[in-house]
Amino acid sequence: MNDRMVWIDCEMTGLSLADDALIEVAALVTDSELNVLGEGVDIVIRPPDAALETMPEVVRQMHTASGLLDELAGGTTLADAEEQVLAYVREHVKEPGKAPLCGNSVGTDRGFLARDMRELEGYLHYRIVDVSSVKELARRWYPRAYFNSPAKNGNHRALADIRDSITELRYYREAVFVPQPGPDSERAKEIAARLSAPAAP
């Protein structure tokens, strides 16, 4: 089994789809074992001046500290960024609509992709693999694993944040998930039957 997974992270001037702009997009493709395929892409996008003027101060400070703000003047267009990301994704994912979007809290990223990079967003499966969901469950069910998870080093730069997300999922797979190959078929059927049985009156 070698199902592809498309990891995308975006940096924006804020979280509002009505007012804010994409300023960086990065992508890595992995196989089902979380091995990275190729070099990936990381592209800085020059936003409209209006989006820069209305950027919240906390976001401005974050992008200043990461160095991203200084790179925006030399950034490319949305169309060019989408073309570069799609070229990389298509190199490793041959069929559209097959590979899920993966990352941390990727619902927000998907919203901006659907607004600004429709062809790229449409190339992905409608399902997502959100590492933050795994993390939230681990916090509730396996707190020791949650509190000892790897430190993040991405510093709010898109490609580094993706690498952090992949590392996180590798960690939770080893620390929390049932070891491969998992339960045999009989045990799996037994669990399913027990959990789906009607509750006693």
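Placed from the backbone N, Cα and C atoms, the Cβ positions cover glycine too.
Feature list (source: Swiss-Prot):
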{"type": "DOMAIN", "residues": "5-169", "note": "domain 'Exonuclease'"}
{"type": "ACT_SITE", "residues": "Tyr126", "note": "active site"}
| field | In three-state DSSP terms, the structure that Tyr126 (active site) belongs to | value | coil
| Whole-number mean of pLDDT values that fall within the domain 'Exonuclease' (5-169) | 96
